[in-house]
Amino acid sequence: MWWDERVSARFRRNLQPTLTYWSVFFSFGLCIAFLGPTLLDLRCQTQSSLSQITWVFFSQQFCLLLGSCLGGVFKRTLAQSLFALFASSLAISLVFAIIPLCHNVVVLAVVMAVAGLAMGCIDTISNMQLVKIYQKDSAIFLQALHFFVGFGALLSPLIADPFLSDTNCILSNSTANASSNLPHIRKSLVPHHPGNLSHYDLPMKGMVVTRVSYAFWIMALINLPVPIAVFFLLYKERMVPCFNSSSHPLLSADELAMETRPTEKDDLSTSVQRPQAAGGHDDLFGCCQSKNFRGASYTYFAVHITGALVLFMTDGIVGEYSGFVYSYAVEEPLSVVHKVAGYLPSLFWGFITLGRLISIPISYRMKPATMVFINVVGVLITFLLLLIFSYSVVFLFVGTASLGLFLSSTFPSMLAYTEDILQYRGCATTVLVTGAGIGEMVLQLLVGSIIHDRGSYSFLVCGMIFGGLAFTFYAFLVFFHRMYPKPSSDPDDASPDKPAITDDTGQYQR
């Protein structure tokens, strides 16, 4: 294996939980990407207008954000985390199965809200548990985790595509005129912002002819092994009520000796074994309790805030670019034909997934801080070149691929970097996941409004501004990192800035 024996032994030791968290994140990706392509067919199914159906987008995204905030509630024990993951992944399968039965847009929005809550819990808990297991070795495993969400996001549109309607799926007298614009409308729909599509007269009454139900039932079946895998992990750890006897030994003597051997890469001594402190990795509301602030310096808060702001900007760029690059391409001055412009969002997500795959081995050789620096600088330079060559269709495709590569590893690298600064005692995972979710929702709405008022060119200007802000916040994060107190060797110092020495055996603790 291309990593050292210590990390390899830790991975073998935690193979089943690691694969389970990866599979749950595949479930997250499968659910996050299906709504865009299928939204017009769901509009037909619910016989609603374009403006009404885009509220389904909003309900999913808002509840995803809410679920991310609340996900840390289930971190207190491993059993709570796994039961939450089991319920969330099972809920996603049930949502896929129930969607074809929703013939009212309000009911559909409620179902998608449930899916959003489940996705938010998955996002927070999976990241949090991998960080807990691998700590200073978590970067490579977080990169793999986020590869699986990209893989799921690529797969669900491919599953849905054969079942999407080629003509308007509500048959009426006006069907012929609306059907010719259907591909353009489908690509132009973004969350809660129908933009300039309101002039298209799509029928709301008539005979519904859509086969999209089959796509959702296929995705429900594909996702079904995920909650089963989580249940098997619960069973193995004897957390199912019928099998709650004491757990079997977790490490052989040889493996324990190998993993507890001090190495040059470990900044914290492993010669003194202490259980991990109860503080840290709390839910967002628990993080805000005053007891967590006692004895903390301003740099403790600054690291949380600047890290979240970097992801607010970068994940916001992912949302706004994937949502509006098609609309930008088909309008002047580029005026790309609809069919060709339709490849741009797929190209963007494809290179995000490819970048996450490439980042898995790179993250083992490169520090997370360096990877984040390369990412934010690459995003900034790409937007600058897109502005300079704004009349070039070829460079738009090249820039889209480049942007996907640079944005791909930003989240897992930033999470690993920030948790490393805080010595795994802060609320970084919850705060960063929440910041990223807010950015993706808010910046998409903001850019949509600006494009509507100022024209398509503002799309790139906004991206340039967001990239510049991401770089600025990263510079502040590095500054606060240098000022942050180093780990203390005093085992009695329990302040948030000077954590107790933690158990670095990689033991999968309850």
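Glycine too: its Cβ is placed from the backbone N, Cα and C atoms.
Just so you know, TrEMBL annotations are computer predictions that nobody has curated.
Tertiary proximity for the transmembrane segment (21-40) is limited to same-chain residues at least six positions away from its ends with a CB under 8 Å from its CB atoms, namely 53-54, 56-57, 60, 64, 85, 88-89, 92, 95-96, 112, 115, 118-119, 122-123, 126, 129-130, 144-146, 148-157, 159-161, 164-165, 169, 182, 185-186, 189-190, 212, 215-216, 219, 222-223, 225-226, 229-230, 349. As annotated by TrEMBL, transmembrane segment applies to 21-40 (among others).
Taken from TrEMBL, the feature transmembrane segment covers 52-74 (among others).
Look at TrEMBL and you will find 81-99 (among others) tagged as transmembrane segment.
According to TrEMBL, the transmembrane segment annotation covers 105-126 (among others).
Residues or ranges marked as transmembrane segment in TrEMBL: 138-159 (among others).
Annotation source TrEMBL lists transmembrane segment at 214-235 (among others). Within the same chain, residues 16-17, 19-20, 23-24, 26-27, 30-31, 34, 38, 79, 82-83, 85-86, 89-90, 92-94, 96-97, 99-100, 155-156, 159-160, 162-164, 243 sit at least 6 positions outside the transmembrane segment (214-235) and bring their C-beta atoms closer than 8 Å to a C-beta of that stretch.
Tertiary neighbourhood of the transmembrane segment (298-318): same-chain residues 352, 372, 375-376, 379, 403, 407, 410-411, 414, 417-418, 421-422, 426-428, 431-432, 434-440, 442-444, 463, 466-467, 469-470, 473-474, 476-477, 480-481, 483-485, 496-497, selected by CB-CB distance under 8 Å and a gap of 6+ residues from either end. Among the features that TrEMBL reports, transmembrane segment is placed at 298-318 (among others).
Positions annotated as transmembrane segment by TrEMBL: 340-358 (among others). Residues 33, 143, 146-147, 150-151, 153-154, 157, 183, 187, 318, 321-322, 325-326, 329-330, 396-397, 400-409, 412 of the same chain sit 6 or more residues outside the transmembrane segment (340-358) yet have a Cβ under 8 Å from a Cβ within it.
As annotated by TrEMBL, transmembrane segment applies to 370-389 (among others). Tertiary proximity for the transmembrane segment (370-389) is limited to same-chain residues at least six positions away from its ends with a CB under 8 Å from its CB atoms, namely 310, 314, 317, 359, 362-363, 395-396, 399, 402-403, 405-407, 409-410, 413-414, 417, 460-461, 463-464, 467-468, 470-471, 474.
Long-range neighbours of the transmembrane segment (395-417) within the same chain, counting only residues 6 or more positions beyond its ends whose Cβ lies under 8 Å from a Cβ of the stretch, are 127, 131, 138-139, 142-143, 145-146, 150, 307, 310-311, 314-315, 317-318, 321, 325, 329, 334, 336, 343-344, 347-356, 358-359, 362-363, 367-369, 371-372, 374-376, 378-379, 382-383, 385-386, 389, 428-429, 432, 436. For 395-417 (among others), the entry in TrEMBL reads transmembrane segment.
Annotation source TrEMBL lists transmembrane segment at 429-451 (among others).
Look at TrEMBL and you will find 457-480 (among others) tagged as transmembrane segment.
What TrEMBL records for 487-510 is region 'Disordered'.
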Counting only residues at least 6 beyond its ends, the same-chain positions whose CB falls under 8 A of a CB in the transmembrane segment (81-99) are 20-21, 24, 27-28, 30-31, 42, 71, 74-75, 108, 111-112, 114-115, 117-119, 121-122, 125-126, 128-129, 213, 216-217, 219-220, 223-224, 226-227, 230-231, 233-234, 237, 239
Same-chain residue ranges lying at least 6 outside the transmembrane segment (138-159) that approach it to Cβ under 8 Å: 3, 7, 11, 18, 21-23, 25-34, 36-37, 126-127, 130-131, 215, 218-219, 222, 346, 349-350, 352-353, 356-357, 359-361, 363-364, 368, 408-409, 411-413, 415-416, 419
